[in-house]
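Student: Structure incoming, see below.
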Amino acid sequence: IVTEVDWQSLKNGVAHHTQEYPCPELVVRRGHTFTLVLELSRPLEDQETIIFTVETGPQASEDRHTKAVFQISELEVGKTWAAVKEAETENTVTVSISSPPNAVIGRYLMSTRVSSRRKQNDRKLGEFVLLFNPWCPEDDVFLASEEERQEYVLNDSGIIFRGVEKHIRAQGWNYGQFEEDILNICLSILDRSPLYQDDPAIDVSCRHDPIYVTRAISAMVNSNNDRGVVQGQWQGKYGGGTSPLHWRGSVAILHKWFKGRFKPVKYGQCWVFAGGMCTVLRCLGIATRVVSNFNSAHDTDRNLSVDKYVDSFGRTLEDLTEDSMWNFHVWNESWFARQDLGPSYNGWQVLDATPQEEREGVFRCGPASVTAIREGDVHLAHDGPFVFAEVNADYVTWLWHEDESRERVYSDTKKIGRGISTKAVGSDSRVDITSFYKYPEGSRKERQVYRKAVRKLFSVEASGRRSRGPRAGGRGLWRGGPPGAATQAGCLWPVRVPGPWELRRQRARDHLKKKIPITIAYSQYKEDLTEDKKILLAAMCFVTKGEKLLVEKDITLEDVITIKVLGPAMVGVAVVVKVTVVNPLLETVEDCMLMVEGSGLLQGQLSIDVPSLEPQERASVQFNITPSKSGPRQLQVDLVSPYFPDIKGFVIIHVATAK
């Protein structure tokens, strides 16, 4: 009797904030009603009604809440699947369908039959996708602020902060959750999970829960254990793949994984894992942001302190130093309720897809409540001790003597977990969120929480053993495993300039500052410079009668690139972009290229050859883009050269709707 269905995609898309998804099937959010118009081959008789069936996953069942059967009624029912008749003509009936705010998310099949014909087969109407709903107060992922929903759910570009604590840099990132096929790929990430492979029916039935879904995604974004999306590499050798610094967003990575039949994409480091995870979770409807922690600890022996051993020149002794401090590390926060912990732990939850430590045999991390971290409640699920140490471990430097004795030369309770940063809502500025993770450094409260965390940690230590992956050290050296295992996380270490040099002896008067200039020529460091363009200078000061002093300084080489849009930008109208770059070297460089990307501004990626550049020459290149979407859009432009690490830039372009 039902011959056709009009899914009312435009109307439902606007009502559910899903109009940006380009997929052919209807995409709606749970807990809110959506409208269908059914065309009938004949009018319904008095006692007849239409019965709907919706089901998701294999072996769908009502017991597991992966299937629901319901009929059209005149009144709205409670928080269950329901259908209410809105209007009727001779040959059509308009129905509003509602789903529970805790429904399983994913791809559903909808079918109908008429109540008077029990033997009649259900007629398949087609598929629709149901997502989490931050707009629904009864949904665990509900987020009250509309500005925050626009930023953390609907914004398809963002900024990832990298660098060092005193020189924080913004890098554009194209999340692209509304690009072609991305929703389909995000759903298949869940279906590729070992949890699904082991027991598909049970796994799908758990997908109502953001805690379960985010933990599964945090394991699947890295390739360890499960042929997940991205393979990590921290050694500076990127043969057979792409350097982590060459990615400008998640879209190319997700497409490559999907088209390559789920073969892990080479290569990623922490910001790539975090950018990818942000795309997947925003796409599925969970408010998510990317967070950068400067001086981020990896505490291997779980004593909440990072112990570093140096020789008399201040050089780190890699074979003794097992703990590490990354100049920065990047993870995600997602916003949802913690039904397992209680309402005081609702809100932002730390998730980290970078493969650092195994939990129950799987490389994943979180969700860990940010509130629990701040209060030292490290015994609460999931992975609290690891995250607490990342932001609040004590940092201790030991001088290792030739007789194998050690001497504490430096101790700092404030060094770890600095400038914890995320992009501001509605603008490109950086917001410091360190106070969400810990009380002010040096305060009594912060020390109380630290001692509480140590007590909790040692009382839960017996429950749950962990194993570590190999560790990355100073010059990409590996500890504790073969280099190919590539399981240690974080970010590129600064290059150490070949030395040491002994500076001439100096007499210093009391309280007199002495500056000793050092010039480092490009030829001295060009072979060792990592793609992150960082140099770490270390000096040990020996006092004839007194304490030894270790001085370290991080130096970051500057990027010079400017991007200008010449004229107003409008949907469907070509606009000229002018990019000016500078050769940073004192030698001629050839074979440079501009790589351009931006969701809603151009399809895929654009590559443009740059003419050869004389030493420190400034040059401009112009090209056209034709925007396809309105609103603020991020355009990323990288200067790629075989002579020096990528120079990155981005600009926000405000695109007007077509006239």
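The backbone N, Cα and C atoms fix where each Cβ goes, glycine too.
Predicted automatically and left uncurated, TrEMBL annotations should be read as such.
In case it's useful when we look at the structure, here is the feature table from TrEMBL:
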type	residues	note
ACT_SITE	Cys270	active site
ACT_SITE	His329	active site
ACT_SITE	Asp352	active site
BINDING	Asn392, Asp394, Glu441, Glu446	Ca(2+) binding site
DOMAIN	262-355	domain 'Transglutaminase-like'
Student: Counting across all protein chains present, how many other Cβ atoms fall within 10 Å of the Cβ of Glu441 (Ca(2+) binding site)?
Tutor: 16
Student: Name the one residue among Cys270, His329, Asp352 whose Cα is closest in three-dimensional space to that of Glu441 (Ca(2+) binding site); these are the active-site residues.
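Tutor: Of the active-site residues Cys270, His329, Asp352, His329 has its Cα closest to that of Glu441 (Ca(2+) binding site).
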Student: Select the closest residue to His329 (active site) from the following recorded positions, measuring between CA atoms: Cys270, Asp352, Asn392, Asp394, Glu446.
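Tutor: Considering only the listed recorded positions, the nearest one is Cys270.
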Student: Please report the distance from the Cα of Glu446 (Ca(2+) binding site) to the Cα of Asp352 (active site), rounded to the nearest angstrom.
Tutor: 24
Student: Per DSSP, what is the helix/strand/coil residue tally across the domain 'Transglutaminase-like' (262-355)?
Tutor: 18 helix, 40 strand, 36 coil
Student: Could you name the residues, excluding Asn392, Asp394, Glu441, Glu446, of the same chain that surround the Ca(2+) site, i.e. Cβ within 8 Å of the Cβ centre of those residues, in sequence order?
Tutor: Ala393, Thr413, Lys414, Ile416, Gly417, Lys438, Arg447, Tyr450
Student: Over all shown protein chains, what is the count of other CB atoms within 10 A of the CB belonging to Asn392 (Ca(2+) binding site)?
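Tutor: Looking across every protein chain shown, the total is 24.
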Student: Taking only the recorded positions Cys270, Asn392, Asp394, which one has a CA atom nearest to the CA atom of Asp352 (active site)?
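Tutor: Result for Asp352 (active site): the nearest of the recorded positions is Cys270.
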Student: If you draw a 10 Å sphere around the Cβ of His329 (active site), how many other Cβ atoms fall inside it, taking every protein chain shown into account?
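Tutor: That number is 28.
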